[in-house]
Amino acid sequence: MIDSEAHEKRPPILTSSKQDISPHITNVGEMKHYLCGCCAAFNNVAITYPIQKVLFRQQLYGIKTRDAVLQLRRDGFRNLYRGILPPLMQKTTTLALMFGLYEDLSCLLRKHVRAPEFATHGVAAVLAGTAEAIFTPLERVQTLLQNHKHHDKFTNTYQAFKALKCHGIGEYYRGLVPILFRNGLSNVLFFGLRGPIKEHLPTATTHSAHLVNDFIGGGLLGAMLGFLCFPINVVKTRLQSQIGGEFQSFPKVFQKIWLERDRKLINLFRGAHLNYHRSLISWGIINATYEFLLKFI
């Protein structure tokens, strides 16, 4: 990966974080990047899931943070982690693909395509994001389980999948277009900016300092991308909250939401501040965990 200091064997004493940022792509087929991505995702979901539920309510209904928290309190602690299985399955799988495929595809493209490095890395990031979208059904079911309007229709992941089955396979992939756009955009920016951001952080001379830098760099980048992609996720959430019926286009749903929220940008970004903090924590955890595990695998 572009800035991964863990891709090279280190001497016992670390001298600088900036010396570890040079591009270094490993051989195709190494599973450590997939495994580290999977473990990083598990760690993140377990910690941040309650925050994600509050954010989901705000995206879906355009309500304030306090009202979303009150909704969750009324639902009770028993339902706080309701629906965690789909995001756990989805995130562990997609982040494994995100990191692993990016490494493999970058290696293949560099070997077989004569193009600038930034171009091959960009293409690898987009292709990895496209592959992640295969698991859209898990994100789809997660959306349904988090929506309290569907609490009386199904109580677990299996029932939610079963409820969609009668509508055909296309129903599992409702909201695919915004997911593809979000994945491609965020992957290109994440892998492209991770190295430069770390270069501008204070020089790290110990493993713990590297861990802090990885958390800060990943967190800042994740927060920025979370804010940038927030309107896309608002539309995606609205699309995936529907069961059956017409498959509406992205522009049509966006226009409908825009009108519902009084054509005000601030209303469209309602919940974005919480998303910013969640993304800051989530991607800090993901990036730091990923880089930490690479040192030991």
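Every residue gets a Cβ built from N, Cα and C, even glycine.
According to Swiss-Prot, the feature transmembrane segment maps to residues 179-199, out of the candidate ranges 53-73, 179-199, 242-262. Distant neighbours of the transmembrane segment (268-289): 36, 39-41, 43-44, 47-48, 51-52, 54-55, 58-59, 62-65, 68, 95, 194, 211-212, 214-223, 225-227, 230-231, 233-234, 257-258, 261; these residues of the same chain sit at least 6 beyond its ends, with a Cβ under 8 Å from one of its Cβ atoms.
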